[in-house]
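Undergrad: Pasting the feature list from Swiss-Prot:
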DOMAIN    1-160  domain 'Obg'
REGION    120-145  region 'Disordered'
DOMAIN    161-328  domain 'OBG-type G'
BINDING   167-174, 192-196, 213-216, 280-283, 309-311  GTP binding site
BINDING   SER174, THR194  Mg(2+) binding site
REGION    326-348  region 'Disordered'
Amino acid sequence: MHFLDQAKIFIKSGDGGPGAVSFRREKYIEYGGPDGGNGGKGGDIVFEAVAGLNTLIDFRYTQHFKAKRGTPGAGRDRTGAGGPDLVIQVPVGTQILADDEERTLLADLTKAGERVHFLRGGDGGRGNASYKTSTNRAPRQHGPGWPGEEMWVWLRLKLLADAGLVGLPNAGKSTFINAVTNAQAKVGAYAFTTLRPQLGVVSHKGHEFVIADIPGLIEGAAEGAGVGDRFLGHIERCRVLLHLVDANDADVATSYRVVRDELEAYGADLIDKPVIVALNKIDTLDDELIAALSAELEAESGHPVMALSGASGAGIEPVLDKLLEAIGQPEPGPDADEEEKGGDWSPI
């Protein structure tokens with residue numbers, strides 16, 4: 001499935017149905033008078049957050065959404081039926097933004113089942129019965145129905161994850177997320193192997209949490225360099241960041257600083273999020289070098305440094321313990337029991 005995290009669509013609520021021009025015609029009633037009913041209301045545009053969707057790719061192929069109009073009124077003072085609401089299903093975490101320079105936030109759907117009645121359908125037109133007065137007892141005018149509302153909007157998907165992975169390209173983020181989940185992210189010995197965000201669910205000590213891997217950041221990413229800046233929005237909602245630094249980099253302190261500078265430049269308080277710093281790919285190093293690099297990285301970051309290897313699995317469980325602690329003990333998994341709560345992590 002292709003991943004798309006933003007789309008521009010046109011939406012229009014339904015027009016109101018026209019009122020009816022009708023006169024009462026019954027036996028023995030010579031002057032029946034007007035009895036045209038009002039038109040029905042047009043359908044609303046409704047956005048609904050749906051679990052199980054994780055991309056906006058469908059909106060690349062269908063960009064215009066129009067609700068149906070209300071039905072016309074009828075004789076015998078019958079009001080037309082209202083047009084059905086048009087429900088547009090989007091992934092949980094979708095924001096609806098105005099098509100202006102500021103991209104004004106109009107709605108934010110963060111829970112499955114959440115609905116927003118976004119555009120109201122037009123009211124139905126008046127039937128001729130409503131125009132009857134003491135001086136105009138047989139009116140023939142009627143209302144055509146009010147038009148619905150219409151606008152262009154942007155949809156932007158911000159994935160909902162408890163923890164976010166950050167780091168330079170080729171820092172081993174995809175290998176890590178594959179090791180602790182069943183995300184099956186693409187892995188390669190070259191930069192920008194990951195070109196779109198990946199989500200995985202970690203099952204650890206009877207609890208589950210979601211972790212997101214975004215494409216690697218390079219210097220100048222906040223200004224558009226590389227591909228990572230576009231996807232930084234996906235970690236805005238994360239409670240904690242796991243910052244992986246490749247132990248094989250020429251200067252681990254510089255590698256750490258480049259990513260932190262880009263987080264600060266991006267804004268959205270990413271720089272203020274709790275962070276766990278980890279030295280990755282330690283399976284190729286001896287203990288003495290690991291200790292030296294960890295000390296160098298700790299001096300630069302001001303945080304304790306954990307050492308791990310996504311490839312061999314060394315040091316992963318303590319990192320998951322720290323993530324679970326930082327997240328704040330999410331809800332137990334559906335199959336958790338008292339014995340499992342003390343068990344090891346496992347991908348699900």
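Each residue, glycine too, has its Cβ placed from N, Cα and C.
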Undergrad: Does DSSP put SER174 (Mg(2+) binding site) in a helix, in a strand, or in coil?
TA: helix
Undergrad: Is it possible to list how many residues within the region 'Disordered' (120-145) are helical, extended or coil according to DSSP?
TA: 4 helix, 0 strand, 22 coil
Undergrad: Could you give the mean pLDDT over the domain 'Obg' (1-160), rounded to a whole number?
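TA: Averaging the confidence scores along the domain 'Obg' (1-160) gives 93.
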